[in-house]
Amino acid sequence: MSEILFFSPQPLFSHMMNKNSRLHTHSNIKNTFFSEIGIGILGNSFLLLFHILKFIRGHRLRLTDLPIGLLSLIHLLMLLLMAFIATDIFISRRGWDDIICKFLVYLYRVLRGLSLCTTSMLSVLQAIILSPRSSCLAKLKHKYPHHISCAIIFLSVLYMLISSHILLSIIATPNLTRNDFLYVTQSCSILPLSYVMQSMYSTLLALREVFLISLMVLSTLYMVVLLCRHRKQAQHLQGTSLSPKASAEQRATQTILMLMTFFVLMSIFDSIVSCSRTMFLDDPTSYSIHIFVMHIYATVSPFVFMSTEKHIVNILRG
């Protein structure tokens, strides 16, 4: 999704903040945003706890359990961090210094990158699981899960390096009034980057998002083709029912497909809101709508996963 919240060359407020424009005066916007964050924290906490208990009790783990558990942990940390940052956006200036501003924005940036990466990995893994034995992807079915940890560590280091410029560009908002600062929160601002640095950073972000989203789209299309082919084969087998394993795989695949579709739609919506702020309107209301849209995926995704877990569904029904 768009990284415009903290890392765009566009200022988050195109005007100097004053008493009439600060977001903490918009109580409805503030309450809606914190409700979204609260629901997301609750859902991701429950999903993460479910997978931890599943591991401790020695239940048989599926290949997708690790990336799903990791995704819930990433989203939980990201939403908790955003809730803390939002107090400096919607409520009042907390007077953070340079170190706190750099740490919060840098960590948030890395978590957003890992969310995108883990979602892409989950989509690819589900495509590998669903692939038939005759497929070349089937050979990766038992190798891919063992390389997930290495991939996570590698990508974490990579994102930390890509985002390292934030440690230089983020500063505490000075008391002096200057028009060249780009506001992140009431306490934190971004120093303007040179054209070369801005172009290089934007290119790296674009390449990363295009690559990972392309992986998601290709794996999603591949799974759709496999499901359609499997359905046609099942229609020719009169009186033959699907095995429980096949049915479970199909349910898991449909969940991943729904989640990937939702992710892509939210990415498109996020880009539309971002472009509208850049080209037409950039006031506190449009800004708050943007950060609300940015966290819809992290809020909704745990409930999508939990809807397919029989144990959780039975507990909720009981």
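Backbone N, Cα and C define each Cβ position, glycine as well.
A quick note: this is a predicted structure, and the numbers were derived from the prediction, not measured.
The record in Swiss-Prot shows differing topological domain names for HIS59 and LEU204, meaning opposite sides of the membrane. Take the candidates CYS101, CYS117; Swiss-Prot pairs CYS188 in a disulfide bond with CYS101. Break the topological domain 'Cytoplasmic' (54-65) down by DSSP state and the numbers are 4 helix, 0 strand, 8 coil.
Within the same chain, residues at least six positions away from CYS101 (disulfide bond) with a Cβ under 8 Å of its Cβ are ILE170, ILE171, ALA172, VAL184, THR185, SER187, CYS188.
Comparing 33-53, 66-86, 207-227 for CB pairs under 8 angstroms to the transmembrane segment (110-130), the maximum falls on 207-227. Listed by sequence, the residues of this chain that lie at least six past the ends of the transmembrane segment (207-227) yet keep a Cβ under 8 A from its Cβ atoms are 1, 113, 116-117, 119-120, 123-124, 126-127, 130-132, 162, 250, 253-254, 256-257, 260-261, 263-264, 267.
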